[in-house]
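Taken from TrEMBL as is:
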DOMAIN    307-410  domain 'FAD-binding FR-type'
TRANSMEM  53-73  transmembrane segment
TRANSMEM  98-127  transmembrane segment
TRANSMEM  160-183  transmembrane segment
TRANSMEM  195-217  transmembrane segment
TRANSMEM  232-250  transmembrane segment
TRANSMEM  271-299  transmembrane segment
TRANSMEM  417-438  transmembrane segment
TRANSMEM  529-553  transmembrane segment
TRANSMEM  573-592  transmembrane segment
Amino acid sequence: MSSQAILRMIFLLVFLGWLLVWIMLPTKTYKQTWTPKLNKLNSTYFGGQGTNLLLFTFPMMFLAALGCVYLHFQKKSEKPHSESAIMSRPLAFWKRPVLVMAPLGIVTAVELAFATMFVALLIWSLANYLHLSFGHLHMHKQGEKVWEAKFRSVSLRLGYIGNICWAFLFFPVTRGSSILPLVGLTSESSIKYHIWLGHLSMILFSAHSIGFIIYWAMTDQMALMLEWSRDWVPNVAGVIAFVFAVAMWATSFPRIRRNMFEVFFYTHHLYTLYLFFYILHVGAAYFCMILPGVFLFLIDRYLRFLQSRKRARLVSARLLPCGTVELNFSKSPGLNYNPTSILFVNVPSISKLQWHPFTVTSNCNMEPDRLSITIKSEGSWTQKLYQQLSSLTDRLEVSIEGPYGPASSHFLRHESLVMISGGSGITLFISIIREIIFRSTQPNSSRRIPRILLICAFKNSTDLTMLDLLLPISGTPAEISQIQLHIEAYVTRETKPPTADTQKLLQTIWFKLNPMDSPISAALGPNSWLWLGGIISSSFIMFLLFLAILTRYYIFPIDHNTDMIYHFTLRTLWDIFFVCVCIFIATSAIFLSQKRQQKRQSAMEKRQIQNLKVPTPTMSPRSWSHGADRELESLPHQSLVQATKVHFGTRPDLKKTLLECKGSDVGVMVCGPRKMRHEVAKICSSGLVHNLHFESISFTW
């Protein structure tokens, strides 16, 4: 058995044990047997939160650290586990869409199964909590009625259930997560789980908060809503947290998020205050239940902050007539990434706070020193960027975070690929096609090269110039003729090809290189997974040590040698403080040590920049609808034009095209408007044919 197989077995056992703890949490066995025994072992050093640290926090932190080791070995092996010869029928069934509807979107069989089990866990937990509480009902006020006490108990337990949702809430938004890749996910593809959990938790917390307000009003205890208790839950902290939560929730619905993105973007940054007051409200013990997700998210967030402090070296830009721009950055040769990766970009001259994700269109094998992204000018931010670049500026300051992407190119295992795009959705498939082009040039490659059918729909004929981006701007000429590529392009709003006189120019801008700018590189260097594992392990161990010392020599004597217990809120504040300090120390130390190692390379690069001559801006026309004379035409571009068939004034018949696909293993990918994505998913899940395998990719930020 290989080391990776052993690690996968350990992951499975630890994760199943962690789920078992959540199942046992609301039962009498956990409360009366597990908790007393475990508290005897660790109450001296960790107080009442020791049991939760052991059962809820430690397993996931262990998985996160071990996952870094696994991903490091997988990266070195060059034989991704996911690239099997032919997808087995059981696995194909579980990945097939079974539910396609708004607002859930496209839901596969495995997602539906896990969602059902999660809801069952919530129902099980609520039922057990209520069974135990109703059996030992506590009256909180003299003269209180039984039904009022039960109403309060239900409201309280709904908050407990919401805390279960919070235990999973931050995992999907941890971009550099070492846990998501273990189950074949990325932060981008799992963002919908964050949305589901966010809505579900807000429903539960709203019921919890409103229920308590009603209870206090019925029992004439409204003053308790503003109480900050010394030895128990501070109610006012919960009220403040709920106010922030409602503001975030109200602006996160699709209509507001898409039409007023800036309102959603800035309001969602209230999560820091929401999280702070929420933790103060629930206390240290319940904080430990959600600590793994919060801890890993804070590490990732601080690493992103450190990476974004450097300005990225922007080498050139290609401006297309359709209002699309390709930005080409210099990158470290040691930075590797897979197709469909994304890069978060900030341009301070447009907005110092806004970060936007864009698909990486370059291939790290074909272009070892370049990283490219493609941006379509559709919103206010992208339009301002296109206008700045159109003014032929000699330098543009850009900060980046990432790239982030899948651990392997699992979609290349199919015999053939059908890629369907609408508008700027084609950018997702550029990196895939470039990867296939690269693999076709490898003489001794044992990997199968899939056939490609690219179906792309555009509004106007100028959008056809986006097909130029299939070829890299520099590097070795792409042998696109060696792959089986067929492109069906549809121009929906024009009925005939444009004349040669109306053809606009494709403009290439080369920027002046600044020695202060840095090539894009991994935040923690070539062995980033190992160093991330070191950060997770060292910061968590440091947190446990600091907490144990504080509890043993400061809090424990107060609790046991005096008539009063230690302040409930101060205990929680110590936990928050130690988490932040330990993450800051461990992450900063390892990041700075890696930065010193990169300084040697930077010195050499600066000498190269001083001797580098920057090309002058060039403009070249490209024609996709005529056989007209072309300037700067290349053989790869001629092969690309020959592989393309353009249809004017019509839309693709997706159902007919997919049902006519030949072969036993056809991978189907789609990126475009929601209506297009849902149509393709419904066709693949219809059961009319069994050779179509839908590859779910979420690019709907």
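Glycine too: its Cβ is placed from the backbone N, Cα and C atoms.
Curation does not apply to TrEMBL; its annotations are automatic.
Residues 8, 11, 22, 26, 56, 60, 63-65, 67-68, 70-71, 121-122, 125-126, 129, 190-191, 193-194, 197-198, 200-201, 204-205, 208, 278, 282, 286, 289-290, 292-294, 296-297, 300, 303-304, 401-402, 404, 406-407, 523, 529, 532-533, 536 of the same chain lie 6+ residues outside the transmembrane segment (160-183) yet bring a C-beta within less than 8 angstroms of a C-beta in it.
Secondary structure of the domain 'FAD-binding FR-type' (307-410) per DSSP (helix as H, G, I; strand as E, B; remaining residues coil): 14 helix, 39 strand, 51 coil. The transmembrane segment (195-217) makes no contact with the transmembrane segment (53-73): fewer than 3 of their CB pairs lie within 8 A, with pairs spaced 6 or more apart in sequence. For the transmembrane segment (271-299), the partner stretch with the most Cβ pairs below 8 Å, chosen from 417-438, 529-553, 573-592, is 573-592. Across the domain 'FAD-binding FR-type' (307-410), mean pLDDT in this model comes to 87. With a cut-off of 8 Å between Cβ atoms, the residues of this chain six or more beyond the transmembrane segment (417-438) that come close are 324, 338-341, 358-363, 365-366, 374, 376, 378, 409, 411, 449-459, 463, 466-467, 469-470, 472, 478-480, 482-483, 485, 652, 654, 657-658, 661, 666-673, 676, 680, 697, 699. If you look at the transmembrane segment (529-553), the same-chain residues 6 or more away from its ends with a CB under 8 A from one of its CBs are 44-47, 53, 61, 64-69, 71-72, 75, 176, 178, 295-296, 299, 303, 574-575, 578-579, 581-583, 585-587, 590, 594. Proximity of distant same-chain residues to the transmembrane segment (53-73), defined by a Cβ-Cβ separation under 8 Å and at least 6 residues beyond the stretch ends, is recorded for 3-4, 7-8, 10-11, 14-15, 17-18, 21-22, 34, 38, 42, 46, 167, 177-179, 181-182, 288-289, 291-293, 295-296, 407, 527, 529-530, 532-533, 536-537, 540, 544.
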